[in-house]
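So Swiss-Prot lists these for the protein:
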type	residues	note
SIGNAL	1-18	signal peptide
REGION	60-85	region 'Disordered'
COMPBIAS	67-79	compositional bias 'Basic and acidic residues'
CARBOHYD	Asn131	N-linked glycosylation site
DISULFID	Cys153-Cys218	disulfide bond
DISULFID	Cys196-Cys247	disulfide bond
DISULFID	Cys206-Cys249	disulfide bond
Amino acid sequence: MSILFYVIFLAYLRGIQGNSMDQRSLPEDSLNSLIIKLIQADILKNKLSKQMVDVKENYQSTLPKAEAPREPEQGEATRSEFQPMIATDTELLRQQRRYNSPRVLLSDSTPLEPPPLYLMEDYVGNPVVANRTSPRRKRYAEHKSHRGEYSVCDSESLWVTDKSSAIDIRGHQVTVLGEIKTGNSPVKQYFYETRCKEARPVKNGCRGIDDKHWNSQCKTSQTYVRALTSENNKLVGWRWIRIDTSCVCALSRKIGRT
């Protein structure tokens with residue numbers, strides 16, 4: 001198409017020059033050589049553009065094809081921080097430093113004292129060691145009696161040694177590992193829980209609440225801690241589970257009271 005355009009354009013240019021010039025005209029040889037050069041230039045341009053396209057296609061064909069990520073098939077376990085039941089090892093125990101909670105303890109013996117952060121709570125110890133009250137707890141009890149302060153609800157704290165199941169942060173029922181085999185002696189998992197002694201410490205509900213305008217009741221509250229658990233007896237790992245951690249007073253306004 002471009003060659004035809006060049007020929008028509010040159011013929012038109014020659015006609016104009018023939019009309020405007022007297023006896024002189026463009027030599028026939030020079031005109032033919034000009035046409036030949038234009039045709040050669042156009043052919044060379046087309047050839048170069050075709051070569052560039054071929055080089056680009058060859059380069060793309062040599063590149064490795066990117067594979068799409070394979071979706072796990074149904075029932076296939078994806079790689080995660082959880083391990084199969086048969087592969088539970090000391091690596092999970094090393095992770096306790098990262099997932100450590102003061103209310104969760106891995107030990108080869110039953111704990112006799114509350115965690116350091118909860119020494120000032122009303123701890124219910126093991127009956128065997130109930131008489132071994134530490135001087136620190138005795139001093140705190142005496143100091144508390146002189147302050148004239150009372151709790152709205154009465155709570156008690158203790159180490160739970162037989163926890164077998166719990167609800168995780170997704171709302172799923174999971175199995176709590178009671179014993180973990182490591183090396184020479186297995187270790188057990190203990191949970192320091194706090195709950196209400198009774199729903200109504202006084203006749204009408206919580207202590208110190210105006211019962212003319214309010215209904216009150218002591219309720220155990222839960223929070224999340226990290227614990228070694230398994231789901232469907234397959235994958236073992238550290239999960240967030242709910243345990244009893246406090247006793248609070250729940251209030252509701254009495255109907256007809258303002």
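Cβ coordinates are placed from backbone N, Cα and C, and glycine is handled just like the others.
On this model, are these features tucked inside or out on the surface, and what's nearby?
Cβ neighbour count for Cys218 (disulfide bond) (all protein chains, 10 Å cutoff from its Cβ): 24. Cys218 (disulfide bond) falls within a strand segment according to DSSP.
The secondary structure of Cys247 (disulfide bond), as reduced to three states from DSSP, is extended strand. Its own atom aside, the Cβ of Cys247 (disulfide bond) has 25 Cβ atoms within 10 angstroms in the protein chains shown.
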Sequence gap of 6 or more, C-beta under 8 Å: which same-chain residues meet both conditions with respect to Cys249 (disulfide bond)?
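Result: Val152, Cys153, Gly205, Cys206, Ile209, Ser216, Gln217, Cys218, Lys219.
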